[in-house]
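Accompanying notes for the structure given below.
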Amino acid sequence: MPSPIPFNSFLPLELSPSADLRPCSSPVVIPGKDGKAFLGGTPSPRTRRLPPRLAWCSIDWDRLCLLQPLGSGGFGAVYKATYHGVTVAVKQVKKSSKNRLASRQSFWAELNVARLQHDNVVRVVAASTCAPASQNSLGTIIMEYVGNVTLHHVIYGTRDAWRQGEEEEGGCGRKALSMAEAVCYSCDIVTGLAFLHSQGIVHLDLKPANILITEHGACKIGDFGCSQRLEEGLSQSHHVCQQGGTYTHRAPELLKGERVTAKADIYSFAITLWQIVMREQPYLGERQYVLYAVVAYNLRPPLAAAIFHESAVGQRLRSIISCCWKADVEERLSAAQLLPSLRALKENL
């Protein structure tokens, strides 16, 4: 069996408790006609403040109004809302009764992309460690609103908006993706990764469910709850990878407890690209079997399907996937190295 994924009890030094430069009171949730409005309340004496470097993104609670829930899970809940009159998405990270440290790390990891702006990355607008007193919340993060359709929905046809017209085409509940769409999505994802890696950020949970699709069909990478920031000037983190992420997309070196590098995201991209082309789940076996086989026997999803051989584009994508999920980290291409070939492929479609 592969080595268990190490769990480290640490938080980055710059995220240690510090006085915020702006007032941030614990809000009160008041039901409204069209939603719920956050209003300032009495600050909790135990509330942690954002560190000075993040004080710019403190939340103006009286300008935030929740409209409707978009989804929920073990991390907490996401709402559609308005902030200063602009439509946004609000994530409320809940405290985990089983693992509070993991909840805290996830919240602070989300802020790794604070102040970064890129067309293929979901932008953080504001954040606060304050939360409604009635909720078991660790903090609140306001992000740009991209929509509620992910690449997972597009691939597997699990969102009604992407299933219209399929019955007329004789489909089986999902609309086929063209090679052109596969290349365009891949180009967007790698462009976003190249930007993140240039900023010293490794996502560590790249998969279709964490890639949002805009109304114009562009991809934006989101959900940075597992991300890590590499030390300036270094190509790898001095920390081994923490628990978290999705085992089907997790690079073998991380499963073995080795150091984090940006190449871990490239491995995850390869699995994601395979899903875009094949529209199947990468592995169907038991979790522990898959973990063992990926590390010990270089198990990967199959590339024998006709779609990878019938056209020049399919053959090129097969070559890219093969290169990106190599077991040896050094043999994988970087996002910056991948971009030229993907862009050339896109231009020649």
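In case you wondered, yes, glycine gets a Cβ from its N, Cα and C as well.
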Out of LYS91, LYS95, Swiss-Prot lists as part of the ATP site with LEU70, GLY71, SER72, GLY73, GLY74, PHE75, GLY76, ALA77, VAL78 the residue LYS91
For the binding-site residues listed here (GLY74, GLY76), tell me which residue's CB has the most neighbouring CB atoms inside 10 Å. GLY76
Give the sequence-ordered set of same-chain residues, not counting LEU70, GLY71, SER72, GLY73, GLY74, PHE75, GLY76, ALA77, VAL78, LYS91, with Cβ within 8 Å of the centre of the Cβ atoms defining the ATP site. GLN92
Translate the DSSP assignment of GLY74 (ATP binding site) into the three-state scheme. coil
What Cα-Cα separation, expressed in whole Å, is found between VAL78 (ATP binding site) and ASP205 (active site, proton acceptor)? 18
Between ASP205 (active site, proton acceptor) and GLY74 (ATP binding site): CA-CA distance (Å): 15
Please name the residue among the binding-site residues LEU70, VAL78 whose C-beta has the most neighbouring C-beta atoms within 10 angstroms. VAL78
